[in-house]
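K.L.:
Got a structure here, written out as structure tokens. Questions coming.
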Amino acid sequence: MKTLLLTLVVVTMVCMDLGYTTICYNHLSRTPETTEICPDSWYFCYKISLADGNDVRIKRGCTFTCPELRPTGKYVYCCRRDKCNQ
């Protein structure tokens, strides 16, 4: 009986996780905060600081894998919780 109950708990936890989607901020640095629901299997939120001359812009969104820092970037922040890229 304990084995059956444990099996049901494990199956329930696995099934509940299958439908989970991540929510990330997707606004640029000077625009109002907006969010997006990430596509299936896109579990990461990112925040990139981009240098554009003397101006620094921040870009946010969902991603499948964490982006790499490009020559024009200052930093990349990648996380895996809802709205963690503020």
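Every residue gets a Cβ built from N, Cα and C, even glycine.
What Swiss-Prot records for 1-21 is signal peptide, and it gives similarity to another entry as the kind of evidence. Taken from Swiss-Prot, the feature disulfide bond covers CYS24-CYS45, CYS38-CYS62, CYS66-CYS78, CYS79-CYS84, and the record attributes it to similarity to another entry.
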K.L.:
Compile a sequence-ordered list of residues in the same chain as CYS79 (disulfide bond), six or more apart from it, whose Cβ lies below 8 A from its Cβ; state 'none' when nothing qualifies.
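P.N.:
When sequence neighbours closer than 6 are ignored, CYS79 (disulfide bond) has PHE44, CYS45, TYR46, ASN85 within Cβ distance under 8 Å.
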K.L.:
Of the disulfide-bonded residues CYS24, CYS38, CYS66, which one sits closest to CYS84 (disulfide bond) when you measure Cα to Cα?
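P.N.:
Nearest listed residue in space: CYS24.
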K.L.:
Might you list, by sequence position, any residue in that chain lying six or more from CYS38 (disulfide bond) with a Cβ less than 8 Å away from its Cβ?
P.N.:
THR21, THR22, ILE23, CYS24, CYS45, CYS62
K.L.:
Given a 10 Å Cβ-Cβ cut-off, pick out the one of the disulfide-bonded residues CYS62, CYS66, CYS78, CYS84 that has the most other Cβ atoms nearby.
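P.N.:
Top count of Cβ atoms within 10 Å goes to CYS62.
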K.L.:
Determine the Cβ neighbour count for CYS24 (disulfide bond): the number of other Cβ atoms within 10 Å of its Cβ.
P.N.:
25
